[in-house]
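Enquirer: My structure is below; once you've seen it, I'll send some questions.
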Amino acid sequence: MQTLLALNWKMNKTPTEARSWAEELTTKYAPAEGVDLAVLAPALDLSALAANLPAGIAFGGQDVSAHESGAYTGEISAAMLKDAGASCVVVGHSERREYHDESDAXVAAKARQAQANGLLPIVCVGENLDVRERGEHVPQTLAQLRGSLEGVGADVVVAYEPVWAIGTGKTATADDAEELAAAIRGALREQYGARAEGIRVLYGGSVKPENIAEICGKPNVNGALVGGASLKVPDVLGMLDALR
């Protein structure tokens, strides 16, 4: 199974900055065997990425509408992302769940829309600090996973985000990542049977060049969803080098 390095820019980079980033990457990029690279960018950046990314690097969106089309002002449909050249899209990111009150049902609807339009959904799940401290992190995350995959096909990626370790002073370890990735793998087997073996489980919590090899070296971790370290080309190259 190919490792997936998914670069989540969040709300960063104008189209001009995205073009400069892609041009810089082009001058220095060498594919890493066994590693797929995808850039998850603001919607306005997609055309710049389509025109300037090196061949073989995928790109996609950070959110998608749960609706096919219609009177949903401000929304971006899966068909629009696909037409812009995207091949994947994040749904259910912890920031969307927290700041936009997205439910598991809405996340599942978005994932279904993505799949219906030929996009690979990257479904995010994870627990907060209160849940972690109560020792309920595994059942809570798996309940979120099942709700977020309701009616969703096996052509999906799952990203575990340790929300409790983001901006709290707490540190998630590679073993923490493996614990949840293994539990997620078990839940995927229950839902999808043998097809679960082809589903990549990513880890998304302060991943950087210094720790990505240890994290992705765990048996059930098949890649990383990277935030801050995705914004600078040298950091991206450092992560690719660490995975070689």
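Just so it is clear, glycine is given a Cβ too, placed from its N, Cα and C backbone atoms.
Copying in the features that Swiss-Prot gives for the protein in this structure:
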| type | residues | note |
| --- | --- | --- |
| BINDING | Asn8, Trp9, Lys10, Gly167, Ser206, Gly227, Gly228 | substrate binding site |
| ACT_SITE | His93 | active site, electrophile |
| ACT_SITE | Glu161 | active site, proton acceptor |
Enquirer: Within 10 Å of each Cβ, count the other Cβ atoms and name the one among the binding-site residues Gly227, Gly228 with the highest count.
Expert: Gly227
Enquirer: In whole Å, how far is the residue listed as 'active site, proton acceptor' from Gly228 (substrate binding site) when you measure between their Cα atoms?
Expert: 14
Enquirer: Please work out which residue of Lys10, His93 has the most C-beta neighbours within 10 angstroms of its C-beta, and give that one of the recorded positions.
Expert: His93
Enquirer: Tell me, by DSSP, whether Gly228 (substrate binding site) is helix, strand or coil?
Expert: helix
Enquirer: According to DSSP, which kind of secondary structure is Asn8 (substrate binding site) found in, if we only use helix, strand and coil?
Expert: strand
Enquirer: Given the binding-site residues Asn8, Ser206, which one is most crowded in terms of C-beta atoms within 10 angstroms?
Expert: Asn8
Enquirer: Would you mind pulling the DSSP three-state label for Glu161 (active site, proton acceptor)?
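Expert: For Glu161 (active site, proton acceptor) - judged by DSSP and reduced to three states - the answer is coil.
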Enquirer: For Glu161 (active site, proton acceptor), just count the other CB atoms lying within 10 A of its CB, please.
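Expert: So the Cβ neighbour count for Glu161 (active site, proton acceptor) comes to 25.
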